[in-house]
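**Q** The structure that follows is given in the form of structure tokens.
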């Protein structure tokens, strides 16, 4: 997260500290998978050079602070959260009043002109409900506006809201494959569409049966998110310059380095408060944590694609580290992932220490299963 924004209230008599000083910790998460390109075996999103990422992120209203990489993944700590780039998957997670959907069209151009991709295989856009939605800017002023924006590109988009829409909830936009395959119709961006047509003309000699078989057997993929609010002020104080002078000190003192062993950590402590970190492992797994510590609007997010047949222990480690009053868990897993049965495991987690589950929902998509659960510290 970045430094908090100073806001002026329309009525000085009714101004509160939160009115004058607020930061929206809730992130907007955009994940895009590009379809393998049989005509270009060397297609790779990591070919896109740093200056082009810098320019793209300007449209989002954020910038790169730090960068780490290995053979599998490039990880960027941003002024507002994180970006991850691997061969054909791109993830952008941004908080505050950033506008990640504004970079969608420029990203498609970079993917086709530099990386060698012309077709989107899957897309996921998600976020928790904002604490102060009135402060967001277009096209993020409401989920309906975000859906309309994405629908202007896709004929096969679907929008969902899980949880209590008048309390804590979680929004998702994804693509519906129908009968399978990767035929995504882009209604905008004629340049991309023309490149796609040109590529199709060069693909006629490839074996369709091999492409169908590959699409039916996707690589294992999974993502867990834990979104926490109403956090313990003593824990949140660690992520201020009053208590820690460096990011490494905050990482060690809080125990973040123990959450998933084996991660190479790239962390950043903002001034006067706030914290972001990325962790990457040799096998391509990542984790990312972002912390808004102010007590009036405290927020922590945890995300990872680490594979597990039982996320219970990981969930426990995370919430014992941060002590939230409430938290949401979401788990995405495709059919080939060892996390495919995560819904059954979370169903058995009715109580985790002091936290009691108040809501659980399941959704089955063509390629992924989704589990959503919301917990509160009882007797809340």
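A Cβ is built for glycine as well, from the same backbone N, Cα and C atoms used for every other residue.
A quick note: this is a predicted structure, and the numbers were derived from the prediction, not measured.
In case it helps, TrEMBL gives these features for our protein:
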- 81: active site, schiff-base intermediate with substrate (ACT_SITE)
- 95: active site, proton donor (ACT_SITE)
- 276: active site, proton acceptor (ACT_SITE)
- 290: active site, proton acceptor (ACT_SITE)
- 23, 80, 270, 294: substrate binding site (BINDING)
- 81: pyruvic acid (Ser) (MOD_RES)
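Tell me what's around each of these sites.
**A** Residue 81 (active site, schiff-base intermediate with substrate) counts 28 other C-beta atoms within 10 Å of its own C-beta, drawing on all protein chains shown.
Neighbour count (other Cβ atoms within 10 Å of the Cβ, all protein chains): 28 for residue 276 (active site, proton acceptor).
Here the Cβ of residue 290 (active site, proton acceptor) has 26 other Cβ atoms within 10 Å, regardless of which shown protein chain they belong to.
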**Q** State the Cα to Cα distance, in Å, between residue 81 (active site, schiff-base intermediate with substrate) and residue 290 (active site, proton acceptor), rounded to an integer.
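**A** Cα-Cα, rounded: 6 Å.
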**Q** Within a 10 Å radius around the Cβ, which one of these binding-site residues has the most neighbouring Cβ atoms: 80, 294?
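**A** Per the Cβ count within 10 Å, the most buried is 80.
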**Q** What's the most sparsely packed of the binding-site residues 23, 270, counting other C-beta atoms within 10 A?
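**A** Among the binding-site residues 23, 270, the lowest count of other Cβ atoms within 10 Å belongs to 270.
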**Q** Filter the active-site residues 95, 276, 290 down to those whose C-alpha lies within 10 angstroms of the C-alpha of residue 23 (substrate binding site); answer none if the list is empty.
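**A** Checking each Cα against residue 23 (substrate binding site), the hits are 95.
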**Q** Please give me the recorded positions out of 80, 270, 276, 294 that lie within 10 Å of residue 95 (active site, proton donor), comparing Cα atoms only.
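**A** Final answer, ordered: 80.
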**Q** How big is the gap, in Å, between the Cα of residue 270 (substrate binding site) and that of residue 290 (active site, proton acceptor), rounded to a whole number?
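**A** Distance (Cα to Cα, whole Å): 11 Å.
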